[in-house]
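One structure is given below, encoded as structure tokens.
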Amino acid sequence: MASRQPAAKKPPAKKAAVPTKAPAKKAPAKKAAVRKAPARKVAAKKPAPKPAPNPTGGVYKLARALWLGVAHAVGAMFRGIGQGAKGLDPAHRKDGLALLLLGLALIVAAGTWSNLRGPVGDLVEMLVTGAFGRLDLLVPILLAVIAVRFIRHPEKPEANGRIVIGLSALVIGVLGQVHIACGAPARSDGMQAIRDAGGLIGWSAATPLTYTMGDVLAVPLLVLLTVFGLLVVTATPVNAIPQRLRLLGVRLGVVHDAQEGLAEDDERYDEQWREALPPNARRRGPAPAGYDPDGDEQEALSKRRSRPRRSAGQQPDLNRPMDAVDVAAAAAAALDGAVLHGMPPSPLVADLTQGVTVERDGYEETTPVPAARAKAVKPPRKEASKAGVPDLTKAPPAETRDLPARAEQLQLSGDITYSLPSLDLLERGGPGKTRSAANDAVVASLSNVFMEFKVDAAVTGFTRGPTVTRYEVELGPAVKVERITALTKNIAYAVASPDVRIISPIPGKSAVGIEIPNTDREMVNLGDVLRLADAAEDDHPMLVALGKDVEGGYVMANLAKMPHLLVAGATGSGKSSCINCLITSVMVRATPEDVRMVLVDPKRVELTAYEGIPHLITPIITNPKRAAEALQWVVREMDLRYDDLAAFGYRHIDDFNEAIRNGKVKLPEGSERELSPYPYLLVIVDELADLMMVAPRDVEDAIVRITQLARAAGIHLVLATQRPSVDVVTGLIKANVPSRLAFATSSLADSRVILDQPGAEKLIGKGDGLFLPMGANKPTRMQGAFVTEDEVEAVVQHCKDQMAPVFRDDVTVGTKQKKEIDEDIGDDLDLLCQAAELVVSTQFGSTSMLQRKLRVGFAKAGRLMDLMESRNIVGPSEGSKARDVLVKADELDGVLAVIRGEAAP
């Protein structure tokens, strides 16, 4: 009703024109207003006239469609050719460029050396002769030389930029001088005059100089530019010009070779070399048949003379990569006399040692080393050249080469000379594979899995190891890593392998790693690892070979830096092979004066092959009780070493030994002690579980003390077990053994005990392991090295032939007189001894007295009284009265010895 009020009031405004019956016509007036709006719209908008049909429009559209179709077809054809060109081998591309340059050289030679007719000849004359002038005859020779270089050295593209810059400077300088020598014709003299001089290049180089400076300064500047180009092309620095000229003169026969004048110096050097030998150095045992000492000496001298020697003022060749000698010199200068072993090098030295290749033939000269401080010398070796890498694989490690036999021997006490075993005693493995058809099939399977589950990810590469291959997967934008880890079972199903391990992410890379076992596994030989360049350059006696990682690189570790190692794995996982590799590595690299060993083998069959080697400080221990006593001796030895370090003011055994060798350690006056360097002491326990079952308290206490304190004393511990449970590898042992090596385990719980993280339960056994060194966040997957029984026997026999073992008698002393402490005493041994001493000395057996004197509670005092009653020290209880004391005061020492488990005095 309220909405109709305005409509009812509008008609009265029109009542002046309509005097009567206006209210009755209100409804028709509204209808008329509604009808007028459509009439106005029809009148306002009229349809536009349609254009007349164009007869040429269809033809135009047809022609346009045909043109676009042809253009797309031609573009697709050329794009296909371009994609095919991208797939060509890089060597074919370089050969194609070289052949193109040869063809161009032939065309230019035909146009410049002969009167070639036709448009090609005119083009050559216009371009080549017009640009190079009188020297156009040398252009085809220059092109041919460049083409031959591309053919002979296709693997050195990094020098192309240098050669282009040098040739440009050389050509510009020479043509500028030719232009000035021919009178410096200008453009007004005509193009023919410029062609008869240095061409357009010579005119462009010489005209600005002659215009601004004149000929007097222009010619020297162009000569300097020419010399600069020549030095750049030949890669010769200015300070090496005399050396290069001397070498060129020697090759041409113009200059006398300075090396021939050193013959007299060789003879004098030979005398010094003979005098440097130890006077008492001789072979142990009878000499082999056919051995001629004088002949061998002359042969060695002739070989030494045949090595290239530098004169005093001769500088090293600057047109070669740095070799190991240069790196060592730079490292020594950077460290300024610091001890390299036992501390990490500076970042400068670390960067300096990266990417070093040795390209020298022969050996470098070394200064004779006194026999008392001689070490096994590792001569330099060649690194194998790296072959071409397939599409998805990473660069394989350099292959190992033969190392020359060690010629230097380490002098021991007296007249004994100990020679290290040769690496020829260890077998050599075959070259490792970098790619196989199985890897390509796995890449295709992974790509199909990602496509089926609509995951934006792609396999960008893989690195093949001896046991597993790690495939690198890069994720697309906004793709969660959890989408890859959730597909673990699907990936295992696709590649038909249950042992799939996913690493998210790969350390140091923005990629997810998928480790899948190889169907064609490879064996890693111990000899291949020890022949590695790093092993040859590092003479530390505690460097041991472990195996080969998933990226194809060899894994070695220094036991002195670990400083203790826990090795664990189920039966058949490769634990025993790892222990054999550790012991064999030490025997091959260290003498008995460098490293002594204590071997504990409760199983009695694993380490018996090493019985009798001179590195042993005691016979192999098979009795668990004697093993506990040996560990106690190691603790005492550690304390004695620390006493010496504290007395003479040294913090590490290496510094103490170095001071002894240099004669810096002085004994007090009147002391009859003879100081000698302490060897490293390596304790290897093959089965920790057996020791923990027999004497858990003594073994754990000794191991904890050794692992906590023995690093600076040069004592290192290797613990191995096939039952890595919490009652064997306790929390105290784990906390003090930072380096772990886990082989295949039977459960996730065992993996967490060893590594504190999962992963070992997914290993496939037979040497497949996870190595977690001290300070690393994630373990490295590796294939453990393998050494055969024949190899071990050969190395052991060589060591036995050198010298007999010298055992110490105090390692397991007292095991027959000493007995175990009674279990009912527990941790109350000290309190029980104090209580017995108090009761016997006072002859008064009262529980309340024990409470007051020992400050213990009633329960503890009553327990001590019961323990003394069971050992016949006091009599039975008589109510509130004091107990009778059954032991006299003069028998107290014997009672205390029995309580402590010692023999009665």
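Counting starts with 1 at the first residue shown.
Note: Cβ is positioned from N, Cα and C throughout, glycine not excepted.
Range with Swiss-Prot annotation region 'Disordered', chosen from 1-55, 826-880, is 1-55. Residues within less than 8 Å, Cβ to Cβ, of SER573 (ATP binding site) and separated from it by at least 6 positions along the same chain comprise GLN722, PHE743, ALA744, THR745, LEU763, GLY765, LYS766, GLY767, ASP768, GLY769. Listed by sequence, the residues of this chain that lie at least six past the ends of the transmembrane segment (163-183) yet keep a Cβ under 8 A from its Cβ atoms are 132-135, 142, 146, 149, 194, 196-199, 201-203, 205-207, 209-210, 215, 218-219, 222-234. Cβ proximity to the ATP site centre (mean Cβ of GLY572, SER573, GLY574, LYS575, SER576, SER577, cutoff 8 Å) flags the following additional same-chain residues: GLY569, THR571, CYS578, PHE743, GLY765, LYS766, GLY767, GLY784. Non-local contacts of SER577 (ATP binding site) by the CB criterion (under 8 A, 6+ apart in sequence, same chain) comprise GLY767, GLY784, ALA785, PHE786, VAL787. Tertiary proximity for the transmembrane segment (126-146) is limited to same-chain residues at least six positions away from its ends with a CB under 8 Å from its CB atoms, namely 101-102, 104-106, 108-109, 111-113, 163, 167, 171, 174-175, 178-179, 182, 191, 194-202. DSSP classifies SER573 (ATP binding site) as coil under the three-state reduction. Of all the binding-site residues given, namely LYS575, SER576, the one with the smallest number of surrounding CB atoms inside 10 A is SER576. Ranking the binding-site residues GLY572, GLY574 by C-beta neighbours within 10 Å puts GLY574 at the top.
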